[in-house]
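**Q** Mind looking over this structure? Questions follow.
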Amino acid sequence: MSISKAIAADLLEIKAVSLSPSQPFTWASGIKSPIYTDNRVTLAYPEVRSQIEGAFAELIKAEFPEVEVIAGTATAGIPHGAIIADYLKLPFAYIRSKPKDHGAGNQVEGRVTKGQKMVVVEDLISTGGSVLEAVAAAEREGADVLGVVAIFTYELEKANRKFADAGVKLATLTTYSELIEIAKETGYVTKEELELLKKFKENQETWQN
């Protein structure tokens, strides 16, 4: 089994990702979704956590070999980013969702020098909006952002467009497509549920019709 499929299987096993096509979850945006993800759960499982951080380190070395600093997004990207930075023996910073309203008013915490080559760590890519805002904040501070890495992506077309429009490279450990196939192979979902999950990826508004 490939590392991406192994991680997808782990996410299902520890219930970091839950699938429920027949009783959908409601996202904050109001969208009815057959999937819910809380990758913070991975931190509670040392073996899973170690595999994820090791895979992140290898992914970054392969995709972004010039990296000089790792930055985590607040809050979910911070623990993963800090562990990855330790693996790679690199400096670590983190990026707030908005600047502090006191003190120095920093949005990027840590020491980032102008032109320093950065990789931003996120746990999940949904629409991509929040992590791309973090990238923009880091660039305003002078960082040269090489790209974004994440544990998992829903592979939504709107996110793909946003990354393409921003000119930001995205690399993930595993994907929605891989995860739902693993879910079918392991009996987590039925063939009929798999078809609903595929429809959700194609169109988040009409998948239930």
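Every residue, even glycine, has its Cβ placed from backbone N, Cα and C.
I grabbed these lines from Swiss-Prot:
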BINDING   Arg96, Lys100, His102, Glu122, Asp123, Leu124, Ile125, Ser126, Thr127, Gly128, Gly129, Ser130  5-phospho-alpha-D-ribose 1-diphosphate binding site
BINDING   Ser126  orotate binding site
**Q** For a quick check of packing: other C-beta atoms within 10 Å of the C-beta of Arg96 (5-phospho-alpha-D-ribose 1-diphosphate binding site), how many?
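**A** Here the count is 15.
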**Q** Can you tell me the CA-to-CA distance separating the residue listed as 'orotate binding site' and Arg96 (5-phospho-alpha-D-ribose 1-diphosphate binding site), as a whole number of Å?
**A** 18
**Q** Any idea which of the binding-site residues Ser126, Thr127 has the thinnest Cβ neighbourhood at 10 Å?
**A** Thr127
**Q** Look at each of the binding-site residues, Asp123, Ile125, Gly129, and point out the one with the fewest other Cβ atoms around it within 10 Å.
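**A** So among Asp123, Ile125, Gly129, the binding-site residues given, the one with the fewest Cβ atoms within 10 Å is Gly129.
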**Q** Helix, strand or coil by DSSP: which one applies to Asp123 (5-phospho-alpha-D-ribose 1-diphosphate binding site)?
**A** strand
